[in-house]
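Heads up, the thing below is written out as structure tokens.
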Amino acid sequence: MPDVDDDGFYHWFPWGKNINPGWSFDVITLLAIIGEGSVAEFAQTITASSLCMLPRLIPAPQALLRPQRPQRLPEVHAKLAGVYGGTLLDSVGFFANILHPLDEYKAFDFRVFEIKHTHLLQPDVSRRLEKEGFLGTVFGLRWLKRKKAKKAEDRNSEITFNNTRENGMNGGSHETNTDASAKTDADALRRQHGTNKHVTLDVDPEQGDHVPTPGINRQPTMSERITDMVTAPKMMTPQRVASSPNARYTVPPALDSPMHVINVFSFLLTVTILIITAYWNDGAAVTAIVTISLAATVMGYASWWYPLLMARQANAKVPPGDVVIRTREGAFLVVKCTEEVARELYQGTEECRYVSTKFHRLFMGIAMVLLMVAVVLLGNCRWSSQALIGGAYVLLNSIYWVCGLLPQRFFWDLSRYTFTDITPADVLSHDPNDEPPNFTRTLWYAIRETKKDAWVDRSGALPGTLQWKKWLEEALKAAKEGNYNWDAVGRKDEIMRENPDAYVSREPSNPVKQHQSGHWPNDPAAQKAPLDQVQPSPYQHPGGTL
């Protein structure tokens, strides 16, 4: 090693080969890449807000180095049929599954939900990002506008008063014109600044500049302003303007999302470690931390995205968008909603819109090089720095693992929708010990609630045998008549015993009889319900789930 003092350049970095025996923390490079499963599970959730670009330590950062980014959110497989329309799908959307997680319902459960747009139930919010800009949203600089408006009001009032005095001194012949002019100026000021100094109107509704909007406009809260700031992609797309014919809405991450807390905590932890290693004059550790933090920022920007919901483009009058969902375990969920809600959550597809579209692979390549350099530097840190960084990675890995135990509703802001459970009381109060749950009774509950039967055939909930068709006709009749105590299970058993051999022949010589009935005779399996089972997905989503 060169002969230099302790404060020289070589004091910050190792020199020569390390041949000292004893305990070593060379495994620190392995700790930096362990935990890929936990990070990959939240890869999309991590990069859904601007906090993903915070320079920080991330366990297993290679989990974010994906050559291909997903274009759609993962879906849950189930049979979904529209009650009033011809919708038939084999999956339920990502955000709809957060509102009512399908894996939480037992076999043959039945639930009725009502989903409405929250902004239709309360005064709409005028988002400040559209009027006050980014800094006004962050710091709430609305008081500047109020101050400027007050100065303009005082100045115009003084001018009007001086003009009135001058006209009065010129003679009484102009008194009428002066009064009229002053009144006109006052009316103009009221229209411009409002009757209250804190209220301003950009245009005059009475002059026909625009159609007056009924109701009141609720001012956004501090939480909503900060959410707008964190989910900055919303202010980068013109589709956020509700008046646009191509308006599409987004579901931002929740402001108090555990992932936001982890990102900020990781950033503060990284800064703390950086200060400590700099105090120890460990140049390799400082360079490694800065390098790996920059890699996290580059990967975060390259993967930064926001979801876009499907929206209706026409304003024609349409029937309600109610849907019925059947799970693989035989549970039925009836969702009552408008066509707009159904298009956003069930019928449409959620699109992943990325902020960086052109240079994604370039950014990923830069991040990969930075990670390789950081791994080499981590292996050459001092023993105390390696122990400190290793402890930080163990802590972060544990936090991500615990975060995986939380439900998805903690991570996303679904305040756009008002979700209400309106399941009938007799269904909730039913004692499973009196009568075991079964598919027929749950199907009857769904028919009783929808008072429609077309979705039953369309979704393959029942086979097309004569017995089941007769039962379905009687069930629909009882539902329309309001006979909620109709014995669905008992009546099904009676119909099945009336003519158990009423099938259609499998013999090719009897095609007419087969066409009339639609199924085969002498085949007990033809009566099995449901006809179409929910099939698992043959595809695997790369990069884990959200």
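Note: Cβ is positioned from N, Cα and C throughout, glycine not excepted.
The compositional bias 'Polar residues' feature in TrEMBL is assigned to 162-181, 507-519. Per TrEMBL, region 'Disordered' is recorded for 162-187, 200-220, 503-546. Sequence annotations record features per position, and here TrEMBL assigns transmembrane segment to 261-280, 286-306, 362-379, 385-406.
Away from its own ends, the transmembrane segment (286-306) comes close to residues 12, 32, 43-44, 46-48, 50, 52-58, 61, 64-66, 69, 231, 233-234, 250, 252, 270, 273-274, 277-278, 352-356, 359-360, 363-364, 366-367, 370-371, 373-374, 377-378, 381, 389 of its chain (Cβ-Cβ under 8 Å, at least six residues beyond either end). Listed by sequence, the residues of this chain that lie at least six past the ends of the transmembrane segment (362-379) yet keep a Cβ under 8 A from its Cβ atoms are 26, 28-29, 32-33, 61-62, 64-67, 284-285, 287-288, 291-292, 294-295, 298-299, 301-302, 356, 386, 389. Same-chain residues lying 6+ beyond the ends of the transmembrane segment (261-280) with a Cβ under 8 Å from its Cβ atoms: 46, 51-52, 54-58, 286, 289-290, 293, 381-382, 384-385, 388-389, 392, 395-396, 399-400, 403.
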